[in-house]
Number of protein chains: 2
Amino acid sequence: MANNGANELLLSQSLDPAAPKAKRQLNKRRFLRSRSAPRAPELVPPETNDYVSIPRSEPIFGNLHPSFKKVAICLSVYLGVGAVIFYLVGKQIKGQKTNGVLDAVYFTIVTMTTVGYGDLVPNSDLTKLLACAFVFSGMALVGLILSKAADYFVEKQEILLVKAMHLRQKIGPTEILKEVEVNKTRYKFFLVFSLLLVLIIAGTIFLVNVEKLEIIDALYCVCSTITTLGYGDKSFSTQAGRIFAVFWILTGTITLAQVFFYIAELNTENRQKELVEWVLTKKVTILDLEAADLDEDGTVGAAEFIIYKLKEMGKISQEDISLVMREFEQLDVDQSGTLSISDIYLAQPS
Amino acid sequence: MANNGANELLLSQSLDPAAPKAKRQLNKRRFLRSRSAPRAPELVPPETNDYVSIPRSEPIFGNLHPSFKKVAICLSVYLGVGAVIFYLVGKQIKGQKTNGVLDAVYFTIVTMTTVGYGDLVPNSDLTKLLACAFVFSGMALVGLILSKAADYFVEKQEILLVKAMHLRQKIGPTEILKEVEVNKTRYKFFLVFSLLLVLIIAGTIFLVNVEKLEIIDALYCVCSTITTLGYGDKSFSTQAGRIFAVFWILTGTITLAQVFFYIAELNTENRQKELVEWVLTKKVTILDLEAADLDEDGTVGAAEFIIYKLKEMGKISQEDISLVMREFEQLDVDQSGTLSISDIYLAQPS
């Protein structure tokens, strides 16, 4: 019903473009419902806003986000193939060995993360070329984890963290979501930084107790590993050490990379905030008004002002505007400068 | 003069908000000049649009972009400090040695890029902790090079490349700039990918001829180096080799990282293009018109349509819009729904 009213309103105005603005003002707010534009469900880049777990019926990766699922499958396949191949060519790999399968997985992890200790090294042309193939694909895979899965994972934990931090204040879920939204990157940074510290401490304790390293050597091995430096003079040589290493190296290297990533993001956000601040506080001049008058009707409406300011902030470009403007002109059949229902019916015959 | 005309026009309309639109339409295009919003000169993030070399009078980094200069200074300081420190503690580093200073620089480069062959390793608590400090700061520095200098460098070469490619067609500088603009990332990718191939071939030839490696071993060492894997079973052991390595490792690792970066960027751009395509070709419905009517006056103007579509494309958010809307409401003193000169004079007394 409200919808029909809107139709009539838009229709009548489109037929009478010279209708006085005062009358239109009176009619305003009559049919308004949703202000938010829907997004294309399958086309939205996963890193922007769709970290919502979609319930599915699949058994293994059931409650996971599609792109996270993709990463998990890629990682499993990569490690599986790596384990089988390097197990089969195990005799062509020289160095400190423990258990055949374990060494193959450990070698795959050390290679894909580019740690490359050198405690196990390829010893034939075949294994050397295999190592080259695995390091390139491993780098791509780590990039995929960093761009898709890591951020998603942190995002999920973030809400739990903020909830836990405000447990005593008894704030509602809406406030928590708002708090998370405003300081998103800051929370994410603290979260991965804390995880990094835990991993560093856990790694050091493990190396001291299981691999029997001195404390400085253990810390040095930890730093050399998570940064993927991997000189290789200190590494995991026992069976227990390598089981630990398989999980610890992958999480450690990715967590450190993520810490660096969030630092860069915080920097960019701060610069962006400064720019927004500058754009919003600087004086609006007559020249600004002239330049902002997009439809060239001699006045600057709210929407025109918003476009002008967002352009100043660098959020949108002239190209973006021109692109949509062309669609607008095609839709505006009666060339009234505004879109009405009759316009869209005439422009898009179904 | 034209400016005064504009003032009068905007003023008269602000005093008479109910002036018929038809009259305003007649006046349109009378005072229009520039459609482009100026940007804050010093606040714009350097990676977005200011790759213009600013002529300065300084002697060394004279014609370079400020952020590039900053990176060059950081790198020089880092390498200088690394060379001095590791030269002084040279006796506490064990492994294959050539020349004191050269080994110190080589060790610094192998550490900062996280290649970490292990052909030279710290042999005391002091050098181990120093290596930890250098690998963390080195990673940050490589990140800085990747985010600021590398792209700037590629951007500069890109124009030369397009010029060279179209040398026979005799196209003007405007066409070259346009061609570069449209396929920016594609050209950048081809450029760094070609550079990577050159570096791989040069490295292999060098290792075969100077370090006397077999061809497969040379290629394996090249791959293991540029990916920062650095098992260390094959590395640069001669004096000539290490001089070459100092330059080659830094360029090689950064070029490969840049190749991965541009691949990711091309992917994002393609997804973004698909989304834009989807938003621009999908049918505009009555619900869209309702939601797009930002000033709630019952009609959808060009600017409102642009905002709605850019929001659908994910380029701007509701938060961005609300932020500017607040400023608009403060400036719109007479609450006419449009900004006029009298509004901005009243809202911003100077």
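Each residue's number is its place along the chain shown, starting with 1.
Cβ from N, Cα, C; glycine included.
Sequence annotations record features per position, and here TrEMBL assigns domain 'Potassium channel' to A:74-154 (among others). In the predicted structure, the domain 'Potassium channel' (A:74-154) carries a mean pLDDT of 93.
Residues or ranges marked as domain 'Potassium channel' by TrEMBL: A:195-267 (among others).
TrEMBL lists A:70-89 (among others) with the feature transmembrane segment.
Among the features that TrEMBL reports, transmembrane segment is placed at A:101-120 (among others).
Sequence annotations record features per position, and here TrEMBL assigns transmembrane segment to A:126-146 (among others). With a threshold of 8 Å between CB atoms, the same-chain residues lying at least 6 positions outside the transmembrane segment (A:126-146) that come near it are 71, 74-75, 78, 82, 85-86, 89, 92-93, 108, 111-114, 116, 253-254, 257-258, 261.
Within the same chain, residues 154, 157-158, 161, 215, 217-219, 221-223, 225-226, 234, 241, 244, 248, 251-252, 255-256, 258-259, 262-263, 266 sit at least 6 positions outside the transmembrane segment (A:189-209) and bring their C-beta atoms closer than 8 Å to a C-beta of that stretch. The transmembrane segment annotation in TrEMBL covers A:189-209 (among others).
What TrEMBL lists as transmembrane segment is A:244-264 (among others).
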(message) Please report, as numbers and ranges, the same-chain residues at least 6 past the borders of the transmembrane segment (A:70-89) whose CB is under 8 Å from any CB of it.
(response) 61, 64, 100-101, 103-105, 107-109, 111-112, 124, 126-127, 130, 134, 137-138, 141, 144-145, 148-149
(request) Please give the sequence-distant neighbours of the transmembrane segment (A:101-120): residues at least 6 beyond its ends with Cβ less than 8 Å from one of its Cβ atoms. (result) 78-79, 82-87, 90, 93-95, 131, 134-135, 137-139, 141-142, 225, 228-232, 235-237, 239, 242-243, 245-246, 249-250, 253
